[in-house]
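Worksheet for the structure shown next.
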Amino acid sequence: MDALEITQKLISYPTITPKECGIFEYIKSLFPTFKTLECGENGVKNLFLYRIFNPPKEHIKGKHAKENVKPLHFCFAGHIDVVPPGDNWQSDPFKPIIKEGFLYGRGAQDMKGGVGAFLSASLNFNPKTPFLLSMLLTSDEEGPGIFGTKLMLEKLKEKDLLPHMAIVAEPTCEKVLGDSIKIGRRGSINGKLILKGVQGHVAYPKKCQNPIDTLASVLPLISGVHLDDGDECFDPSKLVITNLHAGLGANNVTPASVEIIFNARHSLKTTKESLKEYLEKVLKDLPHTLELESSSSPFITASHSKLTSVLKENILKTCRTTPLLNTKGGTSDARFFSAHGIEVVEFGAINDRIHAIDERVSLKELELLEKVFLGVLEGLSEA
C-alpha cells in the first residue's frame, strides 16, 4: 500500500480530539509482525508498534544478554486526532476526494498525510542489519496532550523501550516540501501580573492610586521586550502581553488593580527564574503579585547530529531542496521526546492549510514524503 491509499483511509476516520474511532485497529492490521502496546486515560488512546529486525544473538538471549548490544531504536511519531472541520467545505471533510492533483480532507496536512507516508515507508522497509523500528501514535495532540505522547513515553521508559531517535511528522514545510526541518522548539512561559492601587473617585485623585498610571510607567520595560539576544538556532526570547483587565466599567471610578496576562516564548538563554528576576527588578518598588508557569521547555537537536544529517541528505536527494533548520512555531509533542533525552526532529507536509477549510495535500507531496522517510530508515540502518 502506498502513502496515498493509507492517507485516504486515515482521513475517513472522524478522529476529532480525543476520539480514536477505531483507526488504530486499521493501523495494526497493516503491521501483523509488529508487537503492540496501548495505553490511555480520560478518553485518550495511544498506540505503540515496534519490531526488532535482524535481532543480534545477544539480544535474543533476553536476561542473559550482554549489555550495550541493543540495536538502534528509531521511532516515527505522530497524532491521528484532528481539529473540528467547521463549515463551508467544498466536500465532506471525512470523505477524502482527489481533485486537480490534491487530496482533500481534514487532517490531510496535519497530520494524517505525514502519518500515512511514514506508515507506508515502514511497510517497505527491509533492513539487513539489526534495527528496532517503532511508531508512536496518539489521539490527543490537538488537545491538552496530558494523556497522549507524554503518557506513552512514560510507559515506554518503564519497559525500557524508549527510542534513541525520533521524527515527529509535523507539517513543517512552508512553500515547498523539504524547505524546513524543526530541530528544536522554543519554550513557553505563561504569566499573570497584578499591579495594585487604591480604588477611588476620579474627582479626588489624592485619595486614590490608579494602577493604570503605574502600569504606564513600566509598560515599555514589559510589553514586547526582548529577554535575550537569541542565537543561531533561536530568535530572541520575547515577552508578549495578551490581555489587560482593570476597573468596574464605570467612568468615574479608578480601579483597585490592573491584571496583565502575558506569555514569553523563549530560548535556552531564558528560564522561568531569569524572567522572574527581570520582572521583579522592574517592579521592585511597586505593590504587585506575580505568577509564572512554564508550559514547555525549549530544546534543540544538534544540526550535525546523525538524525538531522540523514534527514537533510534525503530531503536534498528526493526533493532537490536544501532545508532550513529552525525552531520557529509553537509547541509540539517533540518536546516530550526531548525531555527523555531522545534525539528528535520534526518534518512533514506543507502547512499552508492546516486547521483551515478545504485542507489538502498534494499527491506528489505524499509520494516524496514517503521516499524521504524510507530513505531515512535505510540511511540510519546502514550507518
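The count begins at 1 with the first shown residue.
Quick reminder: no glycine exception, Cβ is built from N, Cα and C everywhere.
Taken straight from Swiss-Prot:
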{"type": "ACT_SITE", "residues": "Asp81", "note": "active site"}
{"type": "ACT_SITE", "residues": "Glu141", "note": "active site, proton acceptor"}
{"type": "BINDING", "residues": "His79, Asp110, Glu170", "note": "Zn(2+) 1 binding site"}
{"type": "BINDING", "residues": "Asp110, Glu142, His355", "note": "Zn(2+) 2 binding site"}
Cα-proximity to His79 (Zn(2+) 1 binding site), 10 Å cut-off, over recorded positions Glu141, Glu142, His355: Glu141, Glu142
Fewest Cβ neighbours within 10 Å, where candidates are the binding-site residues His79, His355: His355
Nearest of the recorded positions (Asp81, Asp110, Glu141, Glu170) to His355 (Zn(2+) 2 binding site) - Cα to Cα: Asp110
Neighbouring C-beta atoms (10 Å sphere around the C-beta of Asp110 (Zn(2+) 1 binding site)): 27
Rounded distance in angstrom between the Cα atoms of Asp81 (active site) and Asp110 (Zn(2+) 1 binding site): 9
Spatial separation of Glu170 (Zn(2+) 1 binding site) from Glu142 (Zn(2+) 2 binding site) - C-alpha basis, Å: 12
For the Zn(2+) 2 site built from Asp110, Glu142, His355, further residues of that chain with CB within 8 A of the site's CB center: Val82, Val83, Gly107, Met111, Ile354
Cβ-Cβ distance under 8 Å to the residue listed as 'active site, proton acceptor', same chain, at least six residues away: Thr17, Gly78, His79, Asp81, Gly148, Thr149, Ser332, Asp333
Glu170 (Zn(2+) 1 binding site) in three-state DSSP notation: coil
Env. residues of Zn(2+) 1 site, Cβ within 8 Å of mean position of His79, Asp110, Glu170 Cβ: Gly78, Met111, Gly114, Glu141, Glu142, Val168, Ala169, Pro171, Ser332, Gly348, Ile354
Residues that sit under 8 angstroms from Glu170 (Zn(2+) 1 binding site) by C-beta distance, when 6+ apart in the chain: Gly78, Asp110, Met111, Gly114, Lys182, Ser332, Ala334, Glu346, Phe347, Gly348
Residue among recorded positions Asp81, Glu142 with least C-beta crowding, 10 angstrom cut-off: Glu142
